[in-house]
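Copied over from TrEMBL:
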{"type": "TRANSMEM", "residues": "B:57-82", "note": "transmembrane segment"}
{"type": "TRANSMEM", "residues": "B:102-120", "note": "transmembrane segment"}
{"type": "TRANSMEM", "residues": "B:162-179", "note": "transmembrane segment"}
{"type": "DOMAIN", "residues": "B:179-485", "note": "domain 'NADH:quinone oxidoreductase/Mrp antiporter transmembrane'"}
{"type": "TRANSMEM", "residues": "B:185-203", "note": "transmembrane segment"}
{"type": "TRANSMEM", "residues": "B:215-239", "note": "transmembrane segment"}
{"type": "TRANSMEM", "residues": "B:270-295", "note": "transmembrane segment"}
{"type": "TRANSMEM", "residues": "B:307-328", "note": "transmembrane segment"}
{"type": "TRANSMEM", "residues": "B:340-359", "note": "transmembrane segment"}
{"type": "TRANSMEM", "residues": "B:366-387", "note": "transmembrane segment"}
{"type": "TRANSMEM", "residues": "B:435-454", "note": "transmembrane segment"}
{"type": "TRANSMEM", "residues": "B:474-499", "note": "transmembrane segment"}
{"type": "TRANSMEM", "residues": "B:511-533", "note": "transmembrane segment"}
């Protein structure tokens, strides 16, 4: 038996989380370093996965399979395709930055009792989320996936509710109320989605008799497992609902601005760049593979919802006064693009969507973390409280600009490639929707540039006049992300090489061929 | 029975004397029950003859040893195949010894051991006049607030009678799911109910509330018992027998001998339907299903918390066991009649429990409504009418009882000057002050909510899967919806504990003795083990899923 690499990649942060939580109260700094080291070691494992993965090999690689709960027909089955590998790498890459960026976010206040150990808890929870996200990217057993899809809500919930943004306008009590409202809203939305999915998971078991993604998909493909049209549609809707809440898709998106607004910037990155990706990833992996016919049936409706997400999210982003909520609505718009790319059912669209997941993760992380540094300095999330920052803190302003430009998909930066692919992929099959979606880009330019203009340019506000520039720790966080954005923008081939074969597979699952002429995506 | 006439010159043959056979009792197979009842009797003797100061220790010792021995007997019976191949009927057909019975007896006994631990806790209440005291009244007979009460407290009296009462209740509960005729069922019902009524009344703090709870429980319980008894009478009229097997035969129309005296009413469907409905009603009352749930919140709130925890866990196990046997052994032929009704009951129970729980402000009442919602989930498994349904219910009951006892044990720890601080507002910020206790309680709440990786999820999945396979997909949908509703109030408590600022005059968390700590730790361990690796226990429940008839 070979070394269980995938299990190790998920287990390492899990063990690290327990170890971090167990660090004594007085050794706060040790807990931080421990968490950082664990996340870096996980990154190393993720890189090994990336290297060991052969894009032209089997569909699922590095597979592991063990009996787990025989009575439920559940197996512990792991395996990765190109899409999963890319997202695992993204997750493992972002977590060290999240930890570094949040280095001081959970230092205890004077008022805390000595037994309360927020720092340990904060970093342990981040690692726990990482472990659960990674294993849900790896799971090829529907039940196994479901368990971690649901379980990751709990650490996430504590991260949002327990470690809010200290730069909150208004009194402490008001802030606490807002925060716990956001946390509860996050949990209830996602739990409701998850429970509806549970009904569908049980339904799938009744129909198929097991939970193995590969077995079911195979049986579906060769016709040995026939589902009644209506059954398939209901099951599809059950799964899709959960993923659409997580992703989030309009009109199930309303928890995201609250959650991102009230949590600290690193946690907000964790939500939108890492956890939400599980939703879009699962649409590709589970919805399309398990229910190909129903997916095609639902495509028009989903495309319309995605389109609404794109335009609506962008419009609301334009109107925001709060920096973090602005980024949240921008993310809703971007998730619209991702979902549109997935359900356009063209290989460009799906490659684009997968790249988009990765690129959006990096670009949002860059923008949000810099915004977090900014907010910590000034102690306010309101755009109106800033002005002229670029004169005082040029490096901060410069990195913020690059993050903003990446968010509006400037050519030369990574998100451009993916957004372009999604749009041509959609246009090839649904020209009207593709054209309307393009307005999302125009609006993106509006909200990001206006944000930059209002905060960074103009006369220096007295409150920001003494603002220090980025410190070494903060530069270490931002510089690699920006380098990566530029690299993947100029040379996306390494990423597309990994992703494209997996996309081809998914396309064949749904028996869809690209409209002529067949275009090799972004070679 | 042979009749040999006696010949003699001066007498004529009298009617032959019917020889009474000594009943054939399988003592070995009934050992678990006999040990527990025997220990209860010893407990009473202890009350009479052992000096007051050492009674507590003797009682705890006797109870724990008896329950452990009874559990060992259950394990031995199961190991020698009485749960599967050698399953049969004992005590002249009165008691069934089969898989479900042994499994549930095992669960009840384990719950009983943890119950004894929480009963015996003496570190939580402040020391009164130099004596360590437990959760029970110094002298149950003294009027609350009276001089005699004060004198009893001052003298350091404690109600050590609770231990034999607990043992009697457990004894009844052991018989209840194994009862194989209606009279045994009724007697077991009374044997475990009466001690519970008493136990509810003997709280040390808030005595009036405790007594009120006991009276409510007793009155409503008596009504339910009367219904059950009347139903039994009607079923006897219908079948001419109280034996489960015979009634089932009459229902199926395969009866061999007809008692001429009863030929008139025999097979009268009106008697069957009304009788069965009434017996089931009595069981649903014990289970706490809507609309027979009214007693639950008041009793759960008023009873001493260790009693609440034990009662919530063990009563549910015993009553669901009896309900399963009744529906699967006696009334399977009637399932087209009872399934729609029970589905309705399950739906209103799930939704009712979940919705009303949202408005609760007392942690014990909250857990009471939560237990009602859980009864609904379990009913979904009962309705499946498949072997999978039985084993899923068995598994759920096992998982649920440990969560429940543990959760109520945590409730006993959070205290202020007035005893336990059960009002939810007082729990604000508990996570800041005592992270460990709050974290443990959070684990229990997540298990109640059915979050994956806890036993609650495994159990819920098992019953929903069984229900879906048994053709009750609609119940699964309702169950999922009410789970989502229920999640809201469990989460609310977690929010309160972790995200609210502690109040300056808030409660403190008492440091318990190893007894309560054991109960809580075992609860958490079982919750997590059954959540992560349930296969062994699912196998166990799966093997135990067949009733003997």
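Any Cβ shown, glycine's included, is placed from N, Cα and C.
Because the structure is a prediction, the values reported are computed rather than measured.
Within the chain, the transmembrane segment (B:162-179) has long-range Cβ neighbours (under 8 A, six or more residues past its boundaries) at 32-33, 36-37, 39-41, 43-44, 46-47, 59-60, 62-63, 66-67, 70, 94-97, 100-101, 104-105, 108-109, 112, 115-116, 119, 136, 185, 187-196, 198-199, 202, 307, 310, 314-315, 317-322, 324-325. Two recorded stretches are said to be in contact when at least 3 C-beta pairs lie under 8 angstroms, sequence spacing 6 or more; the transmembrane segment (B:185-203) and the transmembrane segment (B:474-499) fall short of this definition. Fewer than three CB pairs closer than 8 A are found between the transmembrane segment (B:435-454) and the transmembrane segment (B:270-295), and contact between the two stretches is not assigned (pairs 6 or more residues apart). If you look at the transmembrane segment (B:307-328), the same-chain residues 6 or more away from its ends with a CB under 8 A from one of its CBs are 96, 100-101, 104, 107-108, 111-112, 114-115, 118-119, 135, 162, 166, 169-170, 172-174, 176-180, 185, 188-189, 192, 196, 199-200, 244, 279-280, 283-284, 286-288, 299-301, 335, 338, 342, 364, 367-368, 371, 374-375, 378, 382, 385, 390, 393, 397-398, 400-402, 404-405, 407-409, 411, 547. Residues of the same chain lying 6 or more positions beyond the ends of the transmembrane segment (B:474-499) and with a Cβ under 8 Å from any Cβ of it are 343, 346-347, 350-351, 353-355, 357-358, 360, 363, 366, 370, 373, 376-377, 380, 383, 424-425, 427-432, 438, 441-442, 445-446, 448-450, 460, 463-464, 467-468.
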